[in-house]
């Protein structure tokens with residue numbers, strides 16, 4: 001005889017696949033929601049409706065959609081809701097847990113139906129919150145070979161009002177998934193969540209500051225919060241407030257917390273010095289034991305003295321560091337007690353135990369706050385502050401500089417000097433174009449001082465001039481002076497964009513075309529390096545329609561790529577070069593140059609450029625300076641082979657005389673030096689006629705038309 005077997009129904013299935021927001025708020029495990037009162041009120045209104053009482057929060061990632069639901073749950077816990085929503089529990093459904101292990105047909109539907117049945121049986125006392133609600137569309141259909149997806153199981157119960165659901169998703173995903181399912185869209189009521197303003201974001205962060213301070217055990221100054229909002233809004237364009245500003249504070253606090261628990265830099269430096277000196281001492285003492293004749297006994301004694309001094313300094317700083325750390329840990333313990341007491345006061349007041357709450361509020365908390373002030377004063381009395389315990393604007397600037405590679409941190413003396421000397425440094429490389437150098441270096445200074453227009457590039461320039469006068473070289477050397485690397489420049493050769501459709505190379509192919517999944521050359525380069533010199537070389541060679549893409553870059557400092565992502569050009573220097581009107585520049589006729597420029601470049605583009613700079617033709621003095629620079633570079637290259645060669649004035653005069661060409665600028669000089677001087681020196685090096693570690697002077701004999709190398713002892717011809 002076979003008995004029929006009925007499996008026991010699983011109880012509390014809802015708690016297995018979800019988390020109760022009310023419980024977590026009661027345990028003070030969720031940060032409070034600051035502001036967003038209008039959205040929370042709208043949420044309550046929709047949930048109080050008879051029909052279409054399933055709100056869905058729609059907004060960009062990071063604007064605070066989940067925080068609004070948590071704020072609503074907090075109002076329920078505090079009893080600040082209408083009677084129909086009192087004692088209601090907000091339960092967040094975990095979709096990943098729900099679908100895990102449902103590989104057999106029907107298992108997913110069974111599990112979801114059990115959850116929905118439990119919600120239904122609660123008689124409206126449970127509200128389901130589903131984050132990323134667009135995932136319901138299609139969920140369960142593929143993984144468990146089901147005939148229905150999660151959305152189709154939910155829809156009938158939502159239509160009958162048997163369950164209430166709060167959803168949250170982004171604008172793109174709502175459009176892509178939910179709008180396509182008309183029945184699901186009709187059952188939900190949209191609440192648009194906009195990005196908060198800077199002031200609203202700052203209010204949110206000020207409200208959360210105590211929680212961050214308690215968690216990271218560091219002090220966060222108000223100027224750090226202001227800087228986080230302002231700098232994130234200006235320099236991080238692909239994310240949204242308040243999330244991006246909160247991330248900056250969190251990152252800076254984590255950085256300081258890590259430093260607190262690590263050896264201070266002062267102690268670490270001394271430790272490294274002791275290691276280096278001890279290593280050198282050990283090597284010298286070993287040589288002394290082996291009776292080497294060249295052992296420096298004086299150096300051994302000096303090393304012993306230095307090691308002793310550094311060890312004493314290390315011991316002194318270690319004692320101070322230990323004392324400061326002990327006081328700091330005591331302060332943190334007291335602050336933690338204050339936080340716990342504050343939470344206990346709220347709990348007691350909610351229960352109506354006001355006597356006990358008053359005792360904690362007016363007796364216990366002031367006692368601990370007095371102790372905190374005493375310990376803080378004790379910590380501030382140390383002359384050597386080895387523990388950094390606070391975050392200011394400087395730390396926020398360091399974090400954002402590290403993340404975006406945009407130099408915002410406080411100027412150190414070396415960098416300050418480099419910026420002030422930028423004009424002189426550029427003049428060393430570029431000869432005869434002082435006007436161009438001044439304008440470009442001034443633009444960099446404005447940008448670094450952060451007084452330029454924040455909604456446009458740091459500077460935009462159009463360099464006009466004949467070939468070979470230094471237009472491209474200015475951009476290269478500017479990148480070198482700013483980043484110590486010419487490759488930091490983003491160079492776009494506009495001769496590659498002669499067809500109308502070649503604009504796709506810059507921002508990527510549009511949807512449906514081959515290469516849509518590949519990024520554009522320009523957009524990808526700036527997303528990777530937002531602080532860069534961007535050179536559009538020879539713009540007259542590109543198709544006129546391709547240049548239209550520059551309009552929004554120059555005007556708004558941003559560009560939308562093929563994936564509809566904003567690319568931020570507000571921290572770039574835009575340089576365009578052109579040979580338009582070169583013959584008029586050589587003829588010293590600026591009016592005709594501008595006339596030809598207006599014929600070939602559209603006025604709306606010219607009107608957006610900050611400065612139109614005309615590079616003049618090079619005269620003999622300029623060419624002589626360039627020849628000296630080229631020969632100096634050649635001398636530096638030869639020095640790598642331990643051969644010192646200098647070039648006299650006769651060589652320079654000969655190079656300028658035979659190698660210059662007004663039409664072609666400085667490039668013929670380079671070719672002449674390569675053809676005549678470099679070939680001569682190469683033969684001498686291959687023939688081993690030049691000795692290493694010797695100095696030579698290279699000269700030119702005009703009568704014999706020969707080059708000669710002269711040293712102190714003999715001539716090599």
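Cβ coordinates are placed from backbone N, Cα and C, and glycine is handled just like the others.
Now, the feature entries from Swiss-Prot:
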- 12-195: region 'NBD1' (REGION)
- 59, 60, 61, 62, 63, 64, 65, 66: ATP 1 binding site (BINDING)
- 196-405: region 'Linker' (REGION)
- 246-384: coiled coil (COILED)
- 415-617: region 'NBD2' (REGION)
- 465, 466, 467, 468, 469, 470, 471, 472: ATP 2 binding site (BINDING)
- 618-717: region 'C-terminal' (REGION)
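Known features from Swiss-Prot, placed on the structure.
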{"residue": "59", "record": "ATP 1 binding site", "Cβ contacts under 8 Å, 6 or more apart": "65, 170, 171, 192, 193, 194, 195"}
{"residue": "60", "record": "ATP 1 binding site", "Cβ contacts under 8 Å, 6 or more apart": "170, 171, 195, 240"}
{"residue": "62", "record": "ATP 1 binding site", "Cβ contacts under 8 Å, 6 or more apart": "239, 240, 241, 242, 243, 244"}
{"residue": "66", "record": "ATP 1 binding site", "Cβ contacts under 8 Å, 6 or more apart": "131, 168"}
{"residue": "465", "record": "ATP 2 binding site", "Cβ contacts under 8 Å, 6 or more apart": "471, 579, 582, 585, 614, 615, 616, 617"}
{"residue": "467", "record": "ATP 2 binding site", "Cβ contacts under 8 Å, 6 or more apart": "579, 582, 663, 664, 665, 667"}
{"residue": "468", "record": "ATP 2 binding site", "Cβ contacts under 8 Å, 6 or more apart": "618, 664, 665, 666, 667, 668"}
{"residue": "469", "record": "ATP 2 binding site", "Cβ contacts under 8 Å, 6 or more apart": "432, 433, 615, 616, 617, 618, 665, 666"}
{"residue": "470", "record": "ATP 2 binding site", "Cβ contacts under 8 Å, 6 or more apart": "430, 431, 432, 433, 436, 615, 665, 666"}
Cα-nearest neighbour of residue 472 (ATP 2 binding site) within the listed binding-site residues, 61, 63, 64: 61
Nonlocal neighbours by CB distance (under 8 Å) for residue 61 (ATP 1 binding site), same chain, sequence gap 6 or more: 170, 239, 240, 243
Candidates 65, 471: member of the binding-site residues with the richest Cβ shell (10 Å): 471
Per-residue pLDDT averaged over the region 'Linker' (196-405), given as an integer: 82
Cα-Cα distance linking residue 466 (ATP 2 binding site) and residue 64 (ATP 1 binding site), given in Å to the nearest integer: 55
DSSP-derived helix, strand and coil totals, residue by residue, for the region 'C-terminal' (618-717): 51 helix, 20 strand, 29 coil
Fewest other C-beta atoms within 10 angstroms, as judged across 64, 466, which are the binding-site residues: 466
Other same-chain residues whose Cβ falls within 8 Å of the Cβ centroid of 465, 466, 467, 468, 469, 470, 471, 472, the recorded ATP 2 site, in sequence order: 463, 473, 577, 579, 615, 665, 666
Length of the line joining the Cα atoms of residue 466 (ATP 2 binding site) and residue 63 (ATP 1 binding site), in Å: 52
59, 60, 61, 62, 63, 64, 65, 66 excluded, remaining Cβ within 8 Å of their centroid (ATP 1): 170, 193, 195, 240, 243
